[in-house]
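Marked as domain 'Ig-like' by TrEMBL: 13-107, 112-203. Taken from TrEMBL, the feature domain 'Fibronectin type-III' covers 207-316, 321-423, 428-527.
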Amino acid sequence: MLLFVRIKIAFPPSFKKRPLESTTIGSLGGSVTILCHPEAAPSPNITWLYEGQVIPGDSGQEGTPAHLQSLTSGHLRIVNLSYTDQGLYTCKAVNIHGTVQSSTELTVLGRTVMVERPSTVTVVVNGTALLSCRASYSPGLELVYTWSFNDQSIDPEQDNNFKMRSPFTGDLYIVMTQFRHAGVYTCMASTQLDFVSTSATLSVLGPPGEPFGVHVVKRQSSIDPYIIHLAWQDGATHGRPVQAYSIFTKSNYSESKWNMIMNIPLNSVTVEGTLRSVKVLHLSPGSSYRFKVLAINIYGAGPTSAPSDEYPIPGAAPSKAPANVRRGKGKVGSLHIVWEPLPPKDQHGWGIGYIVEWRLPRQDVRTENSWEKELLPGNVSEFVTTIPGRSQFYVQYEVRVTAYNMFGVGRSSPIQYIHSADDIPVAVPNMVWVEAYNSTALMVHWTPVPNTRDSMKGRLRGYKVNYWLRYGEDENQATQASFSGQIEQALVIGLLPNTWYYVSVQVYNDAGNGQKSEKYPQKTFRRGSHRTLRRDEKYPLKYSEGLVIEFIILAPRIYPTEVHVHSYSSDSVMVSFRGVSTQVEEEPLQGYKASAVNASKLVAS
């Protein structure tokens, strides 16, 4: 059998677990709720007292202040606080088992007030903006400033564009300001009791934003299909009107390079609503172009637009003539013509080729030779034609080259005078002689050959000096040194000291070398000591630490002694002396030189 027992608990009210706070703080004009949570069984009746006087329990009752509200939960709510509300508030709890009360002291403090509000600020891009914020608050409270941008919190620790000295000072700096920083900034000043906020707008000035919608709208006319109309729309003005535009192009031949082709003031631009347009001239036929636009205002040039779609320009005959038409080398009996082929951007279309024309110059004003012509398909750079007969070496011709394509024939190059290929020279240098220059060099002399067509069989390019050891080498082992131009001597360097050489000379042209001269023997000097040469001296041999060093021969170091003069005849004397011996490093002695001075012309000192 089950038995049910009902236990009824009863005890007097108690604030031991949750007494009222000893002090309660509220802000002027704000509200505060004083909580009353006594423990009791049965539930107690709650009565509120102010400075010992009972506060009527219903704010609607007569005599009850309108801003005092005794809530059904037993709590007391005070709204629109004033300084007269300060004092001791007591919560009294009563049931059939007893009475208990707990008190709190209410203090009303001044509310937080914004005394310096941020104002609307305008800053130039990359500049620094300052937004100021100041609030007054009751002493004893802690005030903290926070900022938000377009309702998003700002954390200066995470964004280097924002700077605050500390959370307890309200100034906000925006450094290196960008256009993305324009918007509404809100400053909030908060204490433990309340907060106040205010907002301001930041405007950022600078170059215009990038234009958009760049496109080609139409061709000018069928008369000139190489003029197009380019249109676009403006981007953001960033506070100042657009003053000019720049147009950039990139063709299918310019790889990744964009070229600025136009700077256009605003008054030269056609305006139709939001659409801007301009004529673009001087486009290359047979090319495809893309376009970009940038806008300019008082603060400078903005970013360029996105590129337009590619737009093809109709082809045309080449407008440029081949450049640098000149003589090639070739073999005797041929006319070799070379030129610089047109680059793709100047070909203006498909089917590029060249017309090469040549003729003999006219002999007098009454006659003119007809042109011989050859059509060469492709982007070639040379042409060779045979000139019959061995006598046709180094003959002058008038030559011109013209480019063509499937749209027509272009301009001819200016007439150039070039020669057919050279033949081997028949002239031979003569009167060749050689002198020792120093211990490692020989100076070679010769009589130049006549620089004529019959002698040179072409254009004289220079001379070649051949040299080889007199003993131990033959002419097939000769070393060859080339010297350009019509000259009559040359210095051969890098030789061995105190060594005999054979030397020969020959002339050369584009066809090759002429016949060698007779060989001439000569010996280099012995190696002597060295001296430092001036930089303006001829034929330095080598440099050492910035100075020119050359080995030279030594003159005899010792002079004759025991010199005696004896009368020999009425107009001569006999000179006797003790001779000298040369050292190893000196050249062999070749003789003695005597000099005399007329004693009657000497002036006594």
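Including glycine, each Cβ sits where the backbone N, Cα and C put it.
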Number of helical, extended and coil residues in the domain 'Fibronectin type-III' (428-527), per DSSP: 7 helix, 50 strand, 43 coil
For the domain 'Ig-like' (13-107), the mean pLDDT of the predicted model: 88
Residues in the domain 'Ig-like' (112-203) grouped by DSSP into helix, strand and remaining coil: 3 helix, 44 strand, 45 coil
Helix, strand and coil residues within the domain 'Ig-like' (13-107) as assigned by DSSP: 3 helix, 47 strand, 45 coil
